[in-house]
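Shown below is the structure under consideration.
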Amino acid sequence: MALPPPRPPCLLAAEADEGTGEGEGLPAGGAGAGGGGPGMVPPAAPSPAGAPEAAGTEQRSPGEGKRQAGGTWSHLPGRWGEGWPAYSEGANGEPTTDPSPFPQQEEGGRTQLSHLFPQVQELNQCLWQLLSLSAKVRSPGQWGWGGISNSQASDSVLEAVTSTLKKYPFDFRGARILSGEDEGLFGWVTANYLLENFVKYGWIGRWIRPKKSTVGAMDLGGASTQITFETTGAIESPSNQVTLKLYGQHYKVYTHSFLCYGMNEIHNRLTSKILKVPVMTQRGRSFPMESIYGSPCTRTERPPNYFPMAMVNMSGSGDPAQCLAHAESLFRFTDCPYSSCSFDGVFQPPVQGNFIAFSSFFYTVDFLRSVMKRQVATPKDLKEGAEAVCNTPWSELLRKEPNLEHYLQNYCSMATFVSLLLTRGYSFSNTTFPSIAFQQKAGDTTIGWALGYMLNLTNMIPAEEPSFRKSTSFGPWVGLILLFVAVLLGSLVSIFCLMKSSKGRGAV
């Protein structure tokens, strides 16, 4: 039986505190254990002005297709600003815990906050130690395979994380492993929130619902890829449907996560298939077999003579046709049990509306545009761009972008894969492909699942429609209106006098 993973020093210290009765504190802070490890959560802010402190995006238990509403929370003294816009957002969309917004009027508040700062630093160090463990937990938790060992081991890590973070004075909501569908859905929420497709604060001082449709979201990570979009058609697979109620509006969303179709796993799967006839790169390299077959996605493909540390030498020809053939073999485009499928027998309704493609979708297309100087406006452009990368000698690629030497050898296969995934997998045609925006940010914020998860956790997207509120009091509004009327009347009188004077001179 596999042993549980070793605990980092901060966990051991927390467990020692439990034995001595030390380490008591206020309710602890938030953490997420999926895809990016645990992270600190700031104290809750009230909902945006005029919006009720009600449910956010809804939590779904296994097997359910509708997310239920949450509650409100606030345990530290003072406010964290006037709603979400007052938060300080980092580059990855996660709120940062800047202590400056806390009011400092009360002596007790200052004392407590100064007491918290050393604990925040200690927690920050502990989170970095927990990060590697929680990242390793993600594979067995999502896929049901052995990773660091098994489900008992992953439960052990999550239990240790929970025990540790409860020692700190933050509103801790529990550590859990996000499913791939959750990541896709939270990425969709992030994109549409940042693009103000749900609600925006108008210049007239009211919360308004823009007359815009939501955009679909496509994420391409290291282990999986997700597609999420609102649809008006029937969703024949209940597991792919999520119903949301945001700001009084209902959204029927299709979402699916394809495991083993992330960039890293596609590279491993391709390499596994072509070890005998390599075509991936034009530069020879060596690597241990474990780097390819240590992944759950390729474990069943291990050769009979598999030895983890045995070195494999690979030298590719850069043939785009062979690369395309091997990439196609990773998909199964037949045997669809529904009216329409993407691939591998997974239901997908026809894509509709605009889409935003981020993460490795963006990096791949950006490479074709900025380095290869290729236009990517149609499926044909993307396919020809991938072929151009494969046909370019290594020396020329290195000359074009020397800073990407470590990644250059993968762009041939990755561009080929992205082209296949979007056109044959998700069925973007000449008509729908131009609706895809390949970008990593909306405004100054990187698009990803983290912000959507935080919006859900902190109930910053209420289920009910926000009430309208003027941005100024009634008195100033009356004064501005009277001033406007006076200026308008004065202008009309002046124009009338000038016209009368002009007619008088003409008569003389």
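Just so it is clear, glycine is given a Cβ too, placed from its N, Cα and C backbone atoms.
Positions annotated as region 'Disordered' by TrEMBL: 1-108. Residues annotated as compositional bias 'Low complexity' in TrEMBL: 47-56. The feature ATP binding site is assigned by TrEMBL to GLY222, ALA223, SER224, THR225, GLN226. TrEMBL lists 477-499 with the feature transmembrane segment.
If you look at the structure here, what lies around each of the features I listed?
Secondary structure at ALA223 (ATP binding site), taken from DSSP and collapsed to helix, strand or coil, is coil.
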For SER224, THR225, GLN226, listed as binding-site residues, tell me which one has the smallest number of other Cβ atoms within 10 Å.
SER224
Including all protein chains shown, what's the count of other C-beta atoms within 10 A of the C-beta of GLY222 (ATP binding site)?
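Counting Cβ neighbours of GLY222 (ATP binding site) within 10 Å gives 14.
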